[in-house]
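Quick look at what TrEMBL lists:
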type	residues	note
DOMAIN	B:11-90	domain 'Thiamin/hydroxymethyl pyrimidine-binding YkoF putative'
BINDING	B:Leu18, B:Thr50	thiamine binding site
DOMAIN	B:114-192	domain 'Thiamin/hydroxymethyl pyrimidine-binding YkoF putative'
There are 2 protein chains.
Amino acid sequence: MEPLQCGMSPIVGFRFSLHPMASNFVKVIKGALTDIDTSNVWLHTDDVSTIIRGKQIHVFNVAKALTLHTAKTGEHVALSGTFSIGCPGDSSGDVFLEKDDVLLNTDKTQQYVSSQFALYPMNNPDYMAVIYHEVERAKQQGVFNDSMHYASGIDGDIHDVFSFYEQAFTNALSDKHRHLVMTVSMSINSPSHGGS
Amino acid sequence: MEPLQCGMSPIVGFRFSLHPMASNFVKVIKGALTDIDTSNVWLHTDDVSTIIRGKQIHVFNVAKALTLHTAKTGEHVALSGTFSIGCPGDSSGDVFLEKDDVLLNTDKTQQYVSSQFALYPMNNPDYMAVIYHEVERAKQQGVFNDSMHYASGIDGDIHDVFSFYEQAFTNALSDKHRHLVMTVSMSINSPSHGGS
């Protein structure tokens, strides 16, 4: 039997798919990966998704920058992904933990995004309280959009929304409960929402 | 404080986004929703995702049928979604549990799909053993594709792949641990994979 202890590693990962709803989607994605500075994260793309790993601040910075860059094409863009930390089955490699904390992508362009998220604190009997706390915080911060089955709606400017998500990820983790998962889906430039 | 007991409801939900990578994506999605029989599930679409709820067999049947129908356009199609059951914060409404067990979508067209999944059995100290068991079963069934950070690769014919996922969802649930989440990402007709 393999040891099933929860990991002590500070590695944060984000496995995601970023979809521009356009025939030239390959060009759009490759352009984003070229123009954004991803040198602070380990990055690998396969035929279904892309994974970035590294320090939490850089993983969130690159995730936001890729999304913002793709959104600026004006195409309808959809992002779906899962942030993870402390997965007991994870390996320690494929990560750049020696990087400093200077953020490499600093585009402040405003961009309305509509999104949904769910938190899954693993092996934590009090996990619903953790979730409710973050939903309440979203309401206080003005980024809460809607209640719904299995998720909560978060919308606003992309910088406010990603800031909320990174803080939620930090808050939901504890020394006792080190395996945390957060799913995020995001829609930008959609004909279905009227944000500006 | 709200009661945080895990739900006893047999309602299964699937919150997903289905993305054809094409300029006419709205037409493709609307066509799928019209041509597929969704009358056995409660269905609601918002600006980010679509949710279907009902008996497990019908939720998986409709999820597969929508994906297959969209794939048959020949466009590159991406599916991302989360299957859930027993969420303590869920409400009991918005579900068609009185339906019989006759499946309404029976298109047997073969279609190669490449996908990735992750199981999150909530509040279960033995959750890693549950996950390893299903990954091992995928290998035995010939649908295991690859190991990777935070997920496992599953590929093959769409019917074999969805059958594996429905069985994994069933297996990972127990009377003691009634809140289960499973994320699935799928790519079809992608220029990045060589399936046929």
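Any Cβ shown, glycine's included, is placed from N, Cα and C.
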Where DSSP helix means H, G or I and strand means E or B, what are the helix, strand and coil counts for the domain 'Thiamin/hydroxymethyl pyrimidine-binding YkoF putative' (B:11-90)?
27 helix, 27 strand, 26 coil
Residues in the domain 'Thiamin/hydroxymethyl pyrimidine-binding YkoF putative' (B:114-192) grouped by DSSP into helix, strand and remaining coil:
30 helix, 29 strand, 20 coil
